[in-house]
Amino acid sequence: MTQTVPVGSAPGLTPRTKRTPGQLTLFILSRYGTLIGLALMIVLFTVRAPSAFFSAQNFTNILAQGSLTAIIAAGLTMTLVVGEFDLSIGYTASFAGLLVVGFMALQGLPIWLAVPLMLVIGGIIGALNGVLVTKARISAVIATLGVGTILTGLGFAYSPFPIVTNIPTEFSQISLGRLIPGVPNSIPIMVIVLALLWVVLNKTNLGIRMQAVGGNPEAARLSGIRVDRVKIFAFATAGVCAALTGVMLSSLLGSGTLAAADGYLLDAFAAVFLGSATLRDGEFHIVGTLVGVLVISVGFNGLSIFGAPSWAQQVFSGGILILAVGLATLSRRYLKTS
């Protein structure tokens, strides 16, 4: 005897529901809002200043200007993936920039020793944040902000000068040198760092554990994942990335100062949250973070080409952070309602 099965009720089949215009708009913004914004800015700046903006040299400048933000934001992405965040990255970058210059100018360390030593110190700072959050059960806000403030104090104690100079000439080549003709070293360094972190998050068991911890830490713990270790690793990675950013910034400026990386914290958060509204439903990921950095870098570049005053860049920076969080919220709202 043949049984008639109504359309849409067959086992394993789910009837399609037509999206309302509001749901469709929410879906587009949650997945492609950042990319749409980036495309609109590129079109606007190209139309307004085609010769100044739309050129290979200017696109190289955009990547170079965004490279340091991309590195520090990639480290921040790692902590957000595991459900935490790090407010000390800007302080760590400034501290690292001052300390690495001091190692060479005041202690006389060679560059080949000063730079790796600073990256190790950055990792230790990040790991300390992770221990405070996971073992001492201190809120990430309090722990990372406290560590950042301590770093500022230690920086003032370390150097009797507000700005440390007299660095080796080869140190400036870290950011400004061109191993690839026409391309500042900061760009390939950025590509290498982001590629490594992308591989860790997407192609390794550690990356799978990190995403599991971020999704549901208690379920991850019950499945045998050592949640605390995974989080400490994420914080340590953020510390190394922040230290590398500080080293490259001092290389770019030719000096070290505790105020050098003041603006990087907000830009990093804006880039990461913009990235969470890129191609995925509110998830933090490296490719999205890079797109977020490009939005910020293109915006700053366009404002500079048009001769906008410095306050306009501050307004843009604050506005893009609010927009980023708004898009991330839309992504999560769509995920819950879909």
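Cβ atoms are placed via backbone N, Cα and C, with glycine included.
Annotation comment: TrEMBL describes 24-47 (among others) as transmembrane segment.
Sequence annotations record features per position, and here TrEMBL assigns transmembrane segment to 59-82 (among others).
Annotated transmembrane segment per TrEMBL: 89-106 (among others), in sequence order. Only residues 6 or more beyond the boundaries of the transmembrane segment (89-106), in the same chain, are considered here, and those with a CB under 8 A from a CB of the stretch are 72, 75-76, 113-115, 117-118, 121-122, 125-126, 147-149, 151-152, 154-155, 158-159, 164-168, 171, 238-239, 241-247, 249-250, 253, 255-265, 268.
Residues annotated as transmembrane segment in TrEMBL: 112-133 (among others). Here the transmembrane segment (112-133) has long-range neighbours at 75, 84, 86, 88, 92, 95-96, 99-100, 103-104, 139-140, 143-144, 146-147, 151, 174, 228, 231-244, 246-247, meaning same-chain residues at least 6 beyond its ends whose C-beta is under 8 angstroms from one of its own.
If you look up TrEMBL, you'll see 140-159 (among others) marked as transmembrane segment. Here the transmembrane segment (140-159) has long-range neighbours at 79, 84-88, 90-92, 94-95, 98-99, 102, 106, 125, 128-129, 132-133, 256, 258, meaning same-chain residues at least 6 beyond its ends whose C-beta is under 8 angstroms from one of its own.
According to TrEMBL, the transmembrane segment annotation covers 179-201 (among others). Residues 60, 63-64, 66-68, 70-71, 74-75, 77-78, 81, 173, 207, 210-211, 237, 241, 244, 248, 252, 285-287, 289-290 of the same chain lie 6 or more positions beyond the ends of the transmembrane segment (179-201) yet place their CB under 8 Å from a CB of it.
Under the heading transmembrane segment, TrEMBL lists 232-253 (among others).
The feature transmembrane segment is assigned by TrEMBL to 259-279 (among others). Remote same-chain partners of the transmembrane segment (259-279), defined as residues 6 or more beyond its termini with a Cβ less than 8 Å from a stretch Cβ, comprise 29-35, 68-70, 72-73, 76-77, 80, 85, 87, 89-91, 93-94, 97-98, 245-246, 249-250, 253, 285, 287-293, 295-296, 317-318, 320-321, 323-325, 327-328, 330-331.
Feature annotation from TrEMBL assigns transmembrane segment to 286-305 (among others). Outside the transmembrane segment (286-305), and at least 6 residues removed from its termini, the chain residues within Cβ reach (under 8 Å) are 34-35, 37-38, 41-42, 44-45, 49, 52-53, 58, 61-63, 65-66, 69-70, 73-74, 77, 194, 197-198, 201, 267, 270-280, 312-313, 316-317, 320, 324.
Feature annotation from TrEMBL assigns transmembrane segment to 311-330 (among others).
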